[in-house]
Amino acid sequence: MAASELYTKFARVWIPDPEEVWKSAELLKDYKPGDKVLLLHLEDGRDLEYRLDPKTKELPHLRNPDILVGENDLTALSYLHEPAVLHNLRVRFIDSKLIYTYCGIVLVAINPYEQLPIYGEDIINAYSGQNMGDMDPHIFAVAEEAYKQMARDERNQSIIVSGESGAGKTVSAKYAMRYFATVSGSASEANVEEKVLASNPIMESIGNAKTTRNDNSSRFGKYIEIGFDKRHRIIGANMRTYLLEKSRVVFQAEEERNYHIFYQLCASAKLPEFKMLRLGDANNFHYTKQGGSPVIEGVDDAKEMAQTRQACTLLGISESYQMGIFRILAGILHLGNVGFMSRDSDSCTIPPKHEPLSIFCDLMAVDFEEMCHWLCHRKLATAAETYIKPISKLQATNARDALAKHIYAKLFNWIVDHVNQVLHSAVKQHSFIGVLDIYGFETFEINSFEQFCINYANEKLQQQFNMHVFKLEQEEYMKEQIPWTLIDFYDNQPCINLIESKLGILDLLDEECKMPKGTDDTWAQKLYNTHLNKCALFEKPRLSNKAFIIQHFADKVEYQCEGFLEKNKDTVFEEQIKVLKSSKFKMLPELFQDDEKAISPSSATSSGRTLLTRTPAKPTKGRPGQAAKEHKKTVGHQFRNSLHLLMETLNATTPHYVRCIKPNDFKFPFTFDEKRAVQQLRACGVLETIRISAAGFPSRWTYQEFFSRYRVLMKQKDVLSERKQTCKNVLEKLIEDKDKYQFGKTKIFFRAGQVAYLEKLRADKLRAACIRIQKTIRGWLLRKKFLRMRKAAITVQRYVRGHQARCYAKFLRRTKAATIIQKYWRMYVIRQRYKIWRTATIVLQSYLRGYLARNRYRKILREHKAVIIQKWVRGWLARTYYKRSMHAIIYLQCCFRRMMAKRELKKLKIEARSVERYKKLHIGMENKIMQLQRKVDEQNKDYKCLMEKLTNLEGIYNSETEKLRSDLERLQLSEEEAKIATGRVLSLQEEIAKLRKDLEQTQCEKKSIEECADRYKQETEQLVSNLKEENTLLKQEKEALNHLIVEQAKEMTETMEKKLIEETKQLELDLNDERLRYQNLLNEFSRLEERYDDLKEEMTLMVNVPKPGHRRTDSTHSSNESEYTFSSEIAETEDIPSRTEEPSEKKVPLDMSLFLKLQKRVTELEQEKQVMQDELDRKEEQVLRSKAKEEERPQIRGAELEYESLKRQELESENKKLKNELNELRKALSEKSAPEVTAPGAPAYRVLMEQLTSVSEELDVRKEEVLILRSQLVSQKEAIQPKDDKNTMTDSTILLEDVQKMKDKGEIAQAYIGLKETNRSSAMDGHELNEDGELLLVYEGLKQANRLLESQLQSQKRSHENEAEALRGEIQSLKEENNRQQQLLAQNLQLPPEARIEASLQHEITRLTNENLYFEELYADDPKKYQSYRISLYKRMIDLMEQLEKQDKTVRKLKKQLKVFAKKIGELEGTWKPLIFSTWKTFFFFLFLVKWAKWRTYPQDRSLMSPFVQSTFPEKKRISKECWNTRRRMSKNLLRT
């Protein structure tokens, strides 16, 4: 059958989906070859057209039948592909709550993030001795298979547990070791299996920590070899660790923790034996509080500490050594709290008697002064001498952290060594099972040396997996000459070659570490030059020159080069280690005993992880320091060697694979994320395993092994001399399908499941033989036992039954007596209790009710008195506030009315323009209203049609009923005749029932139509009322919003102007300060230049002086470092030591260094000079820019007058200067010039004439500007103080009102004097302005403009009066309507609640009816007017809605602008908060400040300003005080709200 024939209708397939990865669908049509589209029906009910790829024409994957869903082995599925595997895992995990699934030889384990009861001893016993396929998939099944193969094949085994962080690797490895310890037992009485399990708590406490992905993440890799003897019992174990993350000791990311042991110590700090450690809460230590998450939910660190100590005791670590370990760990915590103080940029110090350092020294038993000295200094060795140099605060902090990491790594190694010593056995090891728990593939936002090493290790493990599962499989089949189709698979050998081959990444890194001045940047350039565009797996990021990208088997990873060299070198200061070695605390020097030995990788990156192997290096001869430097191995080199050793160990064993899958990134229990699961399945090779397992032969036996194992299944006649032929004959009989096995040269190959089938046949045959032997022996033994037991049972039964009968009779008598006694006693007890409770309850109720009544009375009395007090106080406060407000308002009206009269014309013009614009905008609204009217008419027509249908249906119903009645009478008359035809009567009755149903249905339809009609009528009426209410609300909101916008605009302009002035003043002050600083720097620079010249002369004198004893040292010595590169570096020329251990007699280098320092200082000063110059230019540009902005910013009216008057004065003064210069030039030309120079044709004459013409042109321009400014000034002063009687009518009335409001005579006199002086000053100004005779024309033009403006004002006044009359009429009608509504509301309140709704509806209907009747009567004669009234009403409603939307947009825009301005003002002034005042007070206060500032700033204009100040503001002090008080109160209210 072809594959395309399976795609028939109703066949189920898988299609790709971006969210769920794969989605199930069903075919709606048969597929035919050549079809480009498949019609599919999805599970959510949608239909989909799935287009096939035109190039590949690949059909979607078929779905397995339901009976195969949930199989425990993925290779047993009919269709083996990615969606089938993913769906099977999800069904088992989500629906069946099963976390383990087989995938051929791989066990897939999904982390449930929940404790499951599947790891007890009963489960272990159930899996013990079972074959791998007989039980459900489990980690115990894999462990049992490894244990069984070790016992059966006499071959070492290994279990490789891999997966991402948080996938459950550590837990899986722990359960595997628990299984071995439980099943095998120990070969001695030392309980080795308990010690093996006891190592887990210790290693978890010192090597595990909380991360964002996992609460108990292993921060190191470990390989545990569990040793067995010949009887397959545990005799010991050995542990190897890889790449401990030391950086976690001194730094933790957010939401992460340090290693568990530190928090366990802090949680147990109150124990008496831990008092000497002087610990406290974890938040008190720098090394444990950085992550901000010191507690893990559901974990008690104190209990964990008790378990850790118990495990240490079980492993033979004495109490003294345990306390020593805790002492060192506490010292690390106190070391992290050591702080440094900077002396200068290159040195630092520790405060005297610094408590954390003194505690550290006490715990470590080292000298305080010596440790304090070497934490702040370092030793630099050159070829000739050694220097001691102070270090900066940052360097000291890094050195402190490096020391803490180094101590922790040494302690970790010591504990591992001790555990291995305890687990080591003197008995010879026969075989072992290794459990590898190692970190998974890692990729973060910033990847460094640690992630590079981890991913390198995963590449090697993936290659081993590929070699075992893929490559070796195919090569084995080809070697045995078995027919096999080669399958392509991903080989990651090129990636491994890129990392570890010659001139690979690690090789180049080691080479760069040996260079004297090697840096991360030069190493990155070497990588680019060597591998870029040469290796397809190596890439360079586009935007970085300090990073590189490697294409790993799982994903692309970008590594940052920064820190690679330092971490590969692993540097710690040697002097600090020497101080620790000199400790009186015996355990501490033990940690550093192997420093002088060349032990392979027990070192780590300074911010990375520790590597551990057990391969000692050969000692070298020569100088100790030189030997240590020459044989120093980098961290990358050590890690590569230990990884090769691990690979050799794994390749020498039979591997068993456990792939741990992380179902989601949020640690939710039993939650399956398909995207994350598919990522991990593709990366770990599970899908490839399925593909190979389905087509290959995973099981294989040699002919001799097969014959030895399955000799039981053969008969004597089947055994031949040739083993190969014997095996062929037996297999042909046992397995009929020849495709299930293949015969090679030396081995027999079986498909999956066939070995299990043969094992079952062998076990069945052995079991049958055992049963035959057992049944005979057991039958004879049990027959004898049965006869004995039968005789004894009869005797016992006789005596027991008699005794039971007597006991039962006695029991019945006692039960009856006890029941009678209980009845009377319970009655008595309950009766007494009831009497006591009743008496107590009555007494309590009497006291409580009296107490509540008295409290209620007191509360009513207090409330009554409080109400009376509040009434009088509020009345007094309201009256005083009203009087004060009225007094201030009356006084301020005189200042506002002049301004309001001038602004009224502008507002009216703006409103007129806005009305016209709105009319233009709403031209198209008439069409919309006509469409709405047409829609209403169509709905009315539909309503009429429905009513006609309803009447027709009623007529039909009546006629049908009449027909039915006549038929019924006729049938009754012929009832006797119908007895013969009873069948016909039954049919007629059925028709009658149908007709009745139709009749009921028509009645229901009629009711529904009537209800729809009523509902439509109510909705239309409700819509009309709602539109009217919205109309009134929109008017009110429009007015309020306009008022609010005006106020906000005024306040924003005022506040921005104030802040701009303050900012310019501050910028000027900063500019002056910068100038002073610049002058000081110039002086210092000149002084240093002089010093530089002097030093130059001294250098010329010293050049000829010979240098005896000078010898050049080889530069290659700088790259030779100690075993752990304890800071043996060559000092550079610019790093001059402050103190030397070997004094030198040469003084010339000191002068040279002084010269270099001064030269460096001169260059720095030049750079600072250039920076200061740039800063000064920038400040000046800012000042000029701010001044330009300030000049461009529009001012208020008074400020414009002032500015124009100043400009006029400046132009006049410039005019006078130009005239004077012109006169002087003419005099000079006439008097002093020679005739030949001043001749008309001379060059000087031509130049002077050109200057004269340009000056005259500029003079004309200045005259025109003066004329324009004078005309503007006159118009403005006439607007302020007009002199004609025609133009002063409104002002005279205003002044009359102001005089009437002035109560004091002194105020009236003062105002009169101010007015007189103002008139006098204005007259004087007019005379001065008219001195050139240019004012008459301007005056005539202004009079014509005033007449035109007055006519426009009169016309607008008349129109506004008409509108006011119309509005008054509307207000009166609304008041009447309001009174009527209040009466109706009072009447409704008197009605019961059921009748209120009906009454209110009735009133609303009558009101709308009256209103419609009124308009119909009003426009009864002219229906067109009534139609136009309806249209205008709709237009008004639509216009108001659009205006409301526009106002909402305007308000939102203004709010945004207000927020922007407030933000800018907040940046200019940090603590300033905008305060909102009422409009009249804010304007008055701002106007007063402007006038007063001008009066104070321009003394020449005080003659103009003093009358205004004296006449208009006689009480300026009192009013300004009231304004400030009002401002303070409003700011308090704002802050409170």
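Even glycines carry a Cβ here, placed using N, Cα and C.
Predicted automatically and left uncurated, TrEMBL annotations should be read as such.
Worth saying up front: this structure is predicted, and the values here are computed from it rather than measured.
According to TrEMBL, the feature ATP binding site maps to G163, E164, S165, G166, A167, G168, K169, T170. All protein chains shown were included, and the count of other CB atoms within 10 Å of the CB of T170 (ATP binding site) stands at 21.
Under the heading coiled coil, TrEMBL lists 915-1105 (among others).
What TrEMBL lists as coiled coil is 1155-1231 (among others).
Look at TrEMBL and you will find 1339-1391 (among others) tagged as coiled coil.
Feature annotation from TrEMBL assigns coiled coil to 1437-1471 (among others).
According to TrEMBL, the feature compositional bias 'Basic and acidic residues' maps to 1136-1147.
Residues or ranges marked as domain 'Myosin motor' by TrEMBL: 69-763.
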Please compare the binding-site residues G163, G166, G168 by how many other CB atoms fall within 10 Å of each one's CB, and tell me which has the fewest. G166
Extra residues within 8 Å (Cβ to Cβ centroid of G163, E164, S165, G166, A167, G168, K169, T170), ATP: N111, N214, S217, G440, C660, K662
Cβ neighbours of E164 (ATP binding site) where a neighbour is any other Cβ within 10 Å: 24
Sequence-distant neighbours of K169 (ATP binding site) in its chain (C-beta under 8 A, six or more apart): V161, S162, G163, S218, D437, I438, G440, C660
